[in-house]
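Marked as domain 'Major facilitator superfamily (MFS) profile' by TrEMBL: 1-373. Per TrEMBL, the feature transmembrane segment maps to 12-34, 46-66, 73-95, 107-128, 140-159, 222-245, 252-274, 319-343, 349-369.
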Amino acid sequence: MSRYHKKLNPDLLTFLWSVIASIFSLGGLCGALIGGSMAIRLGRKGALLMNNIIAILGSILMGISFPTGMFELLIIGRFLIGINSGIGICVQPLYLGEVAPKHLRGGMAMGSSIFLTGGILTGQIIGLRELLGGETYWPLLLSSSCFPAFAQLVFLPWFPESPRYLLIDRGDELSCVKALKRFHGSLQYQMEMEDIQRECFALNGEKSKKPWQLFTDRGVRWQLITVIVMTMGQQLSGINAGLLIDCVGRRFLIVGGYLLMTLWSIVLTFSLTYQELHSWVPYVSMTSIFAFILSFGLGPGGITNTLTAELFIQSSRPAAYMIGGAISWISFFTIGMLFPFIVNGLKQYCFLVFLVECAVVAAFIFVVIPETKNKSFLEIKKEFHKLNFGRNTKEKETELYERRQLHDEF
């Protein structure tokens, strides 16, 4: 109004509000598409450091949008924060998955999902109208996302680069050894070094692949299908229980999580149907919703990122994260658009959609995915070789393939 000296059209206001809200998802999709390339060119740590610059710039633009009266800065800032989120969700679990030892890989990779959920909770709390969500302080609220970026710029340079990236992608064995000693100690790094050398020789100089190359590579066919199915099934958020993942195995947790979600979907459907008949039924509905989200957190919530790192070897891993990230943002946007119509059409039976989805995904994971706990990346790839090339592969083809991938275990 101060710029054009007239009242804003309600339809235009709604459009601008929708753009400001949804531009974040578009930025996330763009960030996911460029995150893998940044991880290859700049390194895992370098990509994360550069990503903080994007976050700080986006925070500044959103913070000054109100004092300057330029709503365009708010849109651009939201888009940049979306790019920051897309890159972070792609590169951060990639870095954690590569630096972690086998017996801790699941818990460390799941840590990113745990703190992601904690960050969302923190944002919701400080975004209350009684705190920073009111008319006076909302520019400060949007600018607050620069603080984690500044913290990472200060602390992350003290951490080593991914040893696997240093040896396999850059061929810098000396820096790889130094990084492994920092992570594992001078007396216990040899085993990890041997594991990285096996993978390096198995790749035989193969360069990092592009996302479209994975779709034509028969050797990663079922790994790619698995990532797509799991990512599309991961559309709700919950409290992640990371302590169990290295105790009982990935497949057990994720299948169990989806089965529990299926069970609670049935309970929730019945409780929503009969809640007007009994006064205690609404409490069952509320309990079922919490149990549904908790079941998601126990299994699918954080294990998807872990398995993406484990199912692919070094040359395919960044591209796999790019594909998974793009599928995740597209599915998130699609479900956000369709779910209101599902609710209007199915009413209290809307959770039947999730029931079918959870049952199908659980069955797929139980049948297709082998257990990956305490296995090296090459051992996991060898498990998928049976699915990708068939169990009746000719002996000669199998021998040549194993020599190429494992190089006789060096």
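Positions of Cβ are set from backbone N, Cα and C atoms, glycine also.
Those TrEMBL annotations? Automatic predictions, nothing curated.
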Taking 3+ C-beta pairs under 8 angstroms (sequence gap of 6 or more) as contact, is the transmembrane segment (12-34) in contact with the transmembrane segment (107-128)? no
Looking at 46-66, 319-343, 349-369, which one has the highest count of Cβ pairs under 8 angstroms to the transmembrane segment (140-159)? 46-66
Mind checking which residues reach the transmembrane segment (319-343)? Cβ under 8 Å, same chain, six or more beyond either end. 22, 25, 28-29, 31-33, 35-37, 39, 86, 89-91, 93-94, 208-211, 213-214, 220, 223-224, 227-228, 231-232, 234-235, 304, 308, 311-312, 350, 353
Per-residue pLDDT averaged over the domain 'Major facilitator superfamily (MFS) profile' (1-373), given as an integer: 77
